[in-house]
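Record features, source TrEMBL:
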type     : residues  : note
TRANSMEM : A:22-45   : transmembrane segment
TRANSMEM : A:57-82   : transmembrane segment
TRANSMEM : A:88-113  : transmembrane segment
TRANSMEM : A:120-139 : transmembrane segment
TRANSMEM : A:170-191 : transmembrane segment
TRANSMEM : A:221-240 : transmembrane segment
TRANSMEM : A:296-318 : transmembrane segment
Amino acid sequence: MNNTTETKAKGSFDFGKFISKLGPLVALIVLAIIVSVLNTSFLGINNIMNLLQQVSINALIAFGMQFVILTGGIDLSVGSILALSGAITAQLIVSGVSPIVAFLIGVACGAVFGALNGVLIAYGGAAPFIVTLATMSVYRGLTYVLTNGNPITGAKMNDSFSFQFLGQGYLFGIPFQVYLMVLGFAVFYVLMHKTTFGRKTFAIGGNEKAAFVAGVKTKHILIWIYVIAGFLAAVAGMVLTSQLGSAQPDAGTSYEMDAIAAVVLGGTSLAGGKGKMSGTLIGALIIGVLNNGMNLLGISSFFQQIVKGIVILVAVLLDRKQAKN
Amino acid sequence: MKIEMKGISKSFGKNEVLKDVNFTVKSGEVHALMGENGAGKSTLMNILTGLLDANGGEILVDGQPVKYHDALDAEHSGISFIHQEMNNFGEMTVLENMFLNHEIKNKFGILDMKKMRTQAQKVLQRLDVDIPLNVPIGTLSVGTQQMIEIAKSLMNDTKILILDEPSAALSEKEIDSLFDIIRGLKKQGVGMIYISHRMQEIFEITDQITVMRDGLTVASYATADVDVHQIIKDMVGRDLSDFYPDRNPKYGETRLEVDHFTSKGVFEDVSFSVKAGEILAFSGLMGAGRTEIMRAIFGIDRHDSGTIKINGKEVNLKSPYDSIKHSVGFLTEDRKDEGLILDASIANNIDLPSIDGFVKHGVIDQKADNDFVEMLIKRLTVKATSREDLAGDLSGGNQQKVVLAKWVGSGSQVLILDEPTRGVDVGAKREIYDLMNELTDRGVAIIMISSDLQEVLGFSDRIAVVYEGHLNGEIATKDATQENVMTLATGGKLDE
Amino acid sequence: MKFSKKVVSLLALLSVSALVLTGCGGASIGNSSSNSSKVTKKAKKDVKVGVSLSTLSNPFFVNLKKGIDTEAKKAGTKVETFDAQNDSAKQNNQISDLITKKVDVIIVNPVDSDAIVTSVKKANNAGIPVIACDRGSNGGKLLTTVASDNVLAGKMAGNYLEKLVGKNAKVAELEGTPGADAAVQRGKGFKQAAKGKLDIVTKQSANFDRAKGLSTMQNILQAHSDVKGVFAQNDEMALGAVKAIKSQDIKIVSVDGTPDGLAAVKKGNIDGIVAQEPKAEGRLALQAAYDHYANKKVSKNISSPIHLVKASDYK
């Protein structure tokens, strides 16, 4: 429409604003209430711990995915990066490297894989969807090559306290990976909302050309954003490898979709430029409550997928409707 | 056909945008609708064409009350709206665009190209223009696309045509042919509502002028009975003593010096310099290469050879980042595309080039940042409810002020302004000129690209004229006339 | 570049603090809440059964589920079944959730024998007996493992293929999902049988999938037009391979015994199948659960029957 700016009213969308601010949180609470009414064990401390543990891997990946989506991009390769860096770490541990060193190498590798995505996107000028679709396949293939198609496991992994602790450990009764999720949230919340890096990320997503003209080194920022996505996927890979006690060659398959869903449920626009870190955490929790809750309610796995899809659709449609107002 | 809009009112929430507006247009009349951005012109037109519902008042067509449900409904009743921004599909042909959503099909549901072609040719003949129907519409000039847009509306047997800023993106020549078309249509009995900020055009082409301000119709005149000053006074609600403020420049050192600047095939051997306190205007026809030269200087586009000196020191500006580090600012021609992040707040737009300066212990010092933004909003008199308003919600003039605030805030010593007052209403225009005066008083060097010859002559110190990618001459503004600038702009030489 | 340094240091901070936390006090592996009460007898209809199957997009496991369900229906037992969609992490979550629901017994068909260990241990801690089905667990305490001997199945298939194509004939092998236990073990058995008797010219993975079986077989035939026989590690791949082979005289032997597969044997499209009995497997697993709650002794390994079905029997 022509020049709607003239006709736009101010201060009359309080309710809409309220919903857009709290929408995901309201959805989460409503969902939690429904599940806990139908099954009382949902709110048990053990189940809450289970739930948080189940959520943490997706949340970690989603934090990185959100940076990417804020720039208007997408990273389909995170699931493969998770598998590949997990396999590298497992291979190192099995061949005698200390788990802690192996973890550090694993996450560094994840960062490097992300950087490769970033370079191809920023300097190659190719669409993120295509680049990461391709590297998704490449990284997955490398994982199969590295593992020979077999899961990597061994006594060196399962006898090591520090290896097992990452994905199976408890600290004061709370799964260790939950601390990792909280820490990751805190660190990347600050990065996204309190630093110039975060501001430039939003600027690129809002209008890449305008950001460039305003002196933002768009290519550098883009590369770093894919580094973050790769890094966090690798951290999630470390957790998963430890949790399973083995590195599975097909680990993380389609995890990118859950991460994207968490980001979108959290209110981040796929067009970029708009979103909140807290929303993504809530989005991941919504998906977690859905999975956990439907298992508790004994809903068949087939129906679970349908319900999940519908919830995502409804959330996104509501968001669009709200945005149009 | 005669349309009367009586006592129209409209509010968005608490915000009253139209209060008791009366407006009448009839066949064979060109009626100018004037007013600053935000005065309510677009809202009024959107109500007329059914895009918005009025809260009060009525619309009478030939004495009968009507209400259109949507734009298509209005179109079928003979009212067409030609928007400022055309919604063409650049990859599709002229013919396909003309019949988009109105395709003629034969009884098998297959497109009847022949019939469509004949109809299109008939309507283009009526406009007396010759446009190929098979080329992708994106390859044609904006002016031609505009004519196609008009032709499209005529296919619906339009009786009233609304033209919103039709000349904004047109060259002088294109405007002339647009006016020929308007005169032709007028003879054929079509009534037109002409929305524009350009006084000269209004007085050249319209019969009647209605001025709106703050949601009210303040005055309506026969064009012949009124002068520019009265209209401006009606529009801004006060007397603008003079359109362009006086220039009393005090020049300092040379700020920017460009030598033998070349980008093959785009511009060749461009050399010029601009001093502290000076406004150097860049004039020339559309497509002469003015914008391209500035984009290359600022580091957005590449160049092949040539040097840039800032304050006498040679610099290598590889990207806007480098330019900003050397205190160069660039207000781009297209503020929606490259100037602003429309979905971001005013604050986040203004501080973007300066944001690295607000880091304390690794994070943004939000208080210092806010103070900085508030100071600039106040200094540039950006009208908004708060710094958190979205840039996209502001009027054109206020958006331009936000872009300017960005570059003032980043401490630009050389400021390149590409069409700084395009799409900006009269009041805000004056404020932008005043700001430019203030900046040059403080030693900023300004390069102003402008297609508005009045502006170039009225508000600069020196004029550089670009013709087909090279500088064809420079004139001191005090010696310049419309004629000699046009001579240079069309490739001629001035004999001394 | 200021921000890049910042990002690096943040990333490093996150990694390091994760490691530092590892060393903190209060740390432990597993949320232990020991529970080793004696088995209280339960009637069949009172036993709450939770099932997590590796996948339900494979007829074999659908039949396994049917075996459990039919048996449960007879006794009025409540069974809840989840599909892990071949994702180990998802399966672990499902088992956590089953533990939360306090089921009496968990029947699991692991996606991966290593990755299931943590879940088995978790169930052990909660005092819930675990029965593994078709694949074992490489750790934790299992009430029993119900499985057919995959190595033996591979061996039987290999021996029969040799009988069909003759000594030292050239054969190809269609492998299952890389790393899957069934793939590894059937491959192992086949290798043992083929050693010195068959010439395995190529081994290609077709992921236990019919469509992949078709395309992979086409590719194999391009490269090795002279193969005389094919060993497919499951029926699905064999059914795909049948389409690729069409009229050529190439013998196919596979392992599983799905309805589709057995029908193909009847028609002579597949020459032999070492058939497992998923329904029996499911029944046996549930029976083990009943036995446990009837205070009967349950043996550590229960083998599910297998038998060779030959196309020649139908001629």
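Using the three backbone atoms N, Cα and C, a Cβ is placed for every residue, glycine included.
Touching of the transmembrane segment (A:88-113) and the transmembrane segment (A:170-191) is ruled out by the presence of fewer than three CB pairs under 8 A, sequence neighbours closer than 6 excluded. The stretches the transmembrane segment (A:221-240) and the transmembrane segment (A:170-191) are in mutual contact, each linked to the other by at least three Cβ pairs under 8 Å (pairs 6 or more apart in sequence). Ranked by Cβ pairs under 8 Å to the transmembrane segment (A:22-45), the stretches A:57-82, A:120-139, A:296-318 are led by A:296-318. Sequence-distant contacts of the transmembrane segment (A:170-191) (same chain, six or more residues past either end, CB-CB distance under 8 Å): 49, 52-53, 55-57, 59-60, 63-64, 67, 197-198, 228, 232, 235, 239, 243, 277-278, 281.
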